[in-house]
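Undergrad: This is the structure, below, for whatever I ask next.
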Amino acid sequence: MKSALFTRFFILLPWILIVIIMLDVDTRRPVPPLTPRPYFSPYAVGRGGARLPLRRGGPAHGTQKRNQSRPQPQPEPQLPTIYAITPTYSRPVQKAELTRLANTFRQVAQLHWILVEDAAARSELVSRFLARAGLPSTHLHVPTPRRYKRPGLPRATEQRNAGLAWLRQRHQHQRAQPGVLFFADDDNTYSLELFQEMRTTRKVSVWPVGLVGGRRYERPLVENGKVVGWYTGWRADRPFAIDMAGFAVSLQVILSNPKAVFKRRGSQPGMQESDFLKQITTVEELEPKANNCTKVLVWHTRTEKVNLANEPKYHLDTVKIEV
Amino acid sequence: MKLKLKNVFLAYFLVSIAGLLYALVQLGQPCDCLPPLRAAAEQLRQKDLRISQLQAELRRPPPAPAQPPEPEALPTIYVVTPTYARLVQKAELVRLSQTLSLVPRLHWLLVEDAEGPTPLVSGLLAASGLLFTHLVVLTPKAQRLREGEPGWVHPRGVEQRNKALDWLRGRGGAVGGEKDPPPPGTQGVVYFADDDNTYSRELFEEMRWTRGVSVWPVGLVGGLRFEGPQVQDGRVVGFHTAWEPSRPFPVDMAGFAVALPLLLDKPNAQFDSTAPRGHLESSLLSHLVDPKDLEPRAANCTRVLVWHTRTEKPKMKQEEQLQRQGRGSDPAIEV
């Protein structure tokens with residue numbers, strides 16, 4: 001019995017060997033050029049769905065009769081999430097600034113707002129505000145050390161780094177979904193078109209910023225779809241002469257460069273963006289957006305400091321009204 | 001030497017095992033076919049993405065409204081915004097239009113202080129997706145602020161607001177958008193929204209059901225954290241204000257809304273360009289309502305839903321310097 005099994009095994013073995021060698025040889029052949037053929041995309045209906053051919057016929061949405069039940073829309077390929085990191089600090093206009101920024105973000109699909117307070121603890125105002133905003137959001141806080149609060153020093157460094165740390169921690173153990181990171185200060189003005197532009201960022205994308213650096217706009221100079229220089233009014237020698245609102249970074253790049261952060265030590269004023277971008281990309285790799293950097297879709301607006309000269313020193317009102 | 005069958009099989013087995021191991025080792029090696037395979041895979045991936053984009057476009061349902069589709073009975077909010085050409089104009093209008101986009105049944109009356117409609121404003125309105133009417137009227141020279149004059153010397157935006165009231169009353173003048181005024185009997189409310197203030201989405205729902213004139217607090221105005229009506233038993237009994245409390249209506253322009261039928265019933269009610277400083281709001285409201293009949297909103301005027309923010313004038317030192325050298329920024333790039 002035993003010898004019969006051995007015999008069969010010995011006889012089958014060379015055939016197994018021949019099959020493996022044939023397969024190996026076959027895969028070494030150069031691939032013939034691709035011929036057009038019907039192709040069913042695995043991306044067509046999202047993850048794990050059946051592969052369906054592209055439907056060309058059928059009425060357009062506008063022509064459907066009211067009483068007909070509309071076919072269920074197929075799930076779309078997943079949009080990359082835009083992570084907007086917003087440093088904020090307590091001041092009279094804070095709630096107003098966050099209100100109009102939230103009004104903008106509400107209209108952007110698949111956006112996650114990372115709001116980072118410059119404070120030792122979360123404030124009630126911001127917590128309440130975010131709870132009411134109805135946006136996917138994360139509320140962080142980190143105080144700026146007093147020694148860094150002098151005029152002329154870069155601001156919000158700790159807050160942006162806290163946002164980066166949260167992102168890296170969140171995606172530490174899971175395969176990162178497609179995403180884009182953008183630093184959105186709370187007083188700038190953002191066009192909705194800007195978010196469409198940045199969503200397709202593969203590595204680092206750039207665009208013009210209005211009303212910055214003592215000019216109507218600053219922008220990357222583009223030739224043949226590549227950034228070749230900078231139109232800037234301030235320190236043109238910067239490696240990346242760009243405003244914080246003028247670039248977006250792919251989430252994948254952030255995760256694959258875990259040491260890339262905004263520097264405090266050794267960073268000169270106005271060099272924050274350059275010092276950060278130097279760690280993750282080169283000028284040659286930048287992806288120009290906004291019609292080859294000829295459209296202004298974000299403005300570096302600043303809100304006037306509020307005059308509270310008539311505000312009494314001691315509040316006598318029984319009702320505490322949040323402003 | 002007599003070969004035993006057992007030995008033959010053993011030799012055969014060892015050779016087979018060696019061959020098998022060799023084959024398995026070879027399988028793991030990179031082969032010269034990889035570059036074309038990669039190219040093919042990349043080509044397929046590009047096709048995949050393009051197909052998925054096209055399919056997404058085909059299947060994309062019409063954009064969902066910011067709120068559930070509103071019944072026809074919902075009163076329309078007519079938002080009157082005076083605007084004028086300056087560096088931050090487009091930025092201001094962009095963020096205001098984004099706020100207004102969140103509000104159902106809203107009609108934006110944007111009135112330019114200019115001789116004719118500007119391409120910047122016309123383009124912005126067309127792209128906004130809002131129901132709008134574009135109006136234009138130039139402020140007379142005598143009432144215009146001179147360079148460096150503070151804003152309170154002459155009331156601003158008077159001609160523009162009055163132009164919008166004229167249009168609502170059927171006197172025409174639209175240069176773009178919806179040309180026909182609301183037909184008589186239209187339920188609606190009129191609100192004067194400057195282009196640099198900040199408006200919460202909730203504010204518009206508070207004002208929508210105004211019967212006469214509704215009021216609420218305004219943040220960061222008059223040197224105070226907020227100014228607003230003081231309410232007792234659902235009635236306005238006074239005003240929390242520091243600046244000239246004796247005014248008939250010590251409210252900010254952003255702090256009230258007027259029912260459209262009331263405005264149409266009082267065809268002479270409009271803003272007075274000769275009104276003293278701070279009395280512009282009173283010049284309209286005193287034609288329309290008694291202070292005791294004001295309708296308090298925003299949780300009996302205890303919530304701030306609008307802020308009187310002001311945007312800093314951007315410093316253009318570099319721009320001016322370069323323009324003197326004939327190397328200014330490209331005027332074709334709209335900012």
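Backbone N, Cα and C atoms are what each Cβ position is placed from, and that goes for glycine too.
Swiss-Prot lists B:1-7 with the feature topological domain 'Cytoplasmic', giving sequence analysis as the kind of evidence. Annotated topological domain 'Lumenal' per Swiss-Prot: B:29-335, in sequence order. The UDP-alpha-D-glucuronate binding site feature in Swiss-Prot is assigned to B:PRO82, B:THR83, B:TYR84, B:ASP113, B:ARG156, B:ARG161, B:ASP194, B:ASP195, B:ASP196, B:HIS308, B:THR309, B:ARG310. Per Swiss-Prot, Mn(2+) binding site is recorded for B:ASP196. The site 'Interaction with galactose moiety of substrate glycoprotein' feature in Swiss-Prot is assigned to B:GLU227, B:GLN318. Look at Swiss-Prot and you will find B:243-252 tagged as region 'Interaction with galactose moiety of substrate glycoprotein'. Summarising the annotation, Swiss-Prot assigns compositional bias 'Basic and acidic residues' to B:312-322. Residues or ranges marked as region 'Disordered' by Swiss-Prot: B:312-335.
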Undergrad: Tell me the Cβ neighbour count for B:ASP194 (UDP-alpha-D-glucuronate binding site), meaning other Cβ atoms within 10 Å of its Cβ, over all protein chains shown.
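TA: So the number of other Cβ atoms within 10 Å of B:ASP194 (UDP-alpha-D-glucuronate binding site) is 21.
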Undergrad: To which of the recorded positions B:THR309, B:GLN318 does the lowest count of other Cβ atoms within 10 Å belong?
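TA: Checked B:THR309, B:GLN318; of these recorded positions, fewest Cβ neighbours within 10 Å: B:GLN318.
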Undergrad: Within 10 Å of the Cβ of B:PRO82 (UDP-alpha-D-glucuronate binding site), how many other Cβ atoms can you find? Include all protein chains, please.
TA: 26
Undergrad: Specify the count of other C-beta atoms within 10 Å of the C-beta of B:ASP196 (UDP-alpha-D-glucuronate binding site).
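TA: Its Cβ has 20 other Cβ atoms within 10 Å.
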Undergrad: Where does B:GLU227 (site 'Interaction with galactose moiety of substrate glycoprotein') sit by DSSP, helix, strand or coil?
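TA: Its secondary structure by DSSP: strand.
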Undergrad: Helix, strand or coil for B:ASP196 (UDP-alpha-D-glucuronate binding site)? Use DSSP.
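TA: In the DSSP reduction, B:ASP196 (UDP-alpha-D-glucuronate binding site) maps to coil.
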Undergrad: Sequence order please: the recorded positions B:PRO82, B:TYR84, B:ARG156, B:ASP194, B:ASP196, B:GLU227 that have their Cβ under 8 Å from a chain A Cβ, otherwise just none.
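TA: Listed in sequence order, the recorded positions near chain A come to none.
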Undergrad: Three-state secondary structure of B:GLN318 (site 'Interaction with galactose moiety of substrate glycoprotein') from DSSP?
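TA: In the DSSP reduction, B:GLN318 (site 'Interaction with galactose moiety of substrate glycoprotein') maps to helix.
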Undergrad: For B:ARG156 (UDP-alpha-D-glucuronate binding site) and B:GLU227 (site 'Interaction with galactose moiety of substrate glycoprotein'), what Cα-Cα distance in Å is obtained after rounding to a whole number?
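TA: Pair distance, Cα basis, whole Å: 20 Å.
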Undergrad: Under DSSP, is B:PRO82 (UDP-alpha-D-glucuronate binding site) helix, strand or coil?
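TA: DSSP call for B:PRO82 (UDP-alpha-D-glucuronate binding site): strand.
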Undergrad: List, in sequence order, the same-chain residues at least six positions removed whose CB sits under 8 Å from that of B:TYR84 (UDP-alpha-D-glucuronate binding site)?
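TA: For B:TYR84 (UDP-alpha-D-glucuronate binding site), the qualifying residues are B:GLU112, B:ASP113, B:ALA114.
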Undergrad: If one measures from the C-alpha of B:GLU227 (site 'Interaction with galactose moiety of substrate glycoprotein') to the C-alpha of B:GLN318 (site 'Interaction with galactose moiety of substrate glycoprotein'), what distance in angstrom results, rounded to a whole number?
TA: 39
Undergrad: Using DSSP, what's the helix, strand and coil tally for the region 'Interaction with galactose moiety of substrate glycoprotein' (B:243-252)?
TA: 0 helix, 0 strand, 10 coil
Undergrad: Compute the C-alpha separation of B:THR309 (UDP-alpha-D-glucuronate binding site) from B:GLN318 (site 'Interaction with galactose moiety of substrate glycoprotein'), stating it in Å without decimals.
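TA: Taking the Cα atoms only, B:THR309 (UDP-alpha-D-glucuronate binding site) lies 27 Å from B:GLN318 (site 'Interaction with galactose moiety of substrate glycoprotein').
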Undergrad: Could you give the Cα-Cα distance between B:ASP194 (UDP-alpha-D-glucuronate binding site) and B:GLN318 (site 'Interaction with galactose moiety of substrate glycoprotein'), in whole Å?
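TA: About 30 Å separate the Cα atoms of these two residues.
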Undergrad: What mean pLDDT score does the topological domain 'Cytoplasmic' (B:1-7) have in the model?
TA: 66
Undergrad: Per DSSP, to which secondary structure element type does B:ARG156 (UDP-alpha-D-glucuronate binding site) belong, with helix, strand and coil as the options?
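TA: In the DSSP reduction, B:ARG156 (UDP-alpha-D-glucuronate binding site) maps to coil.
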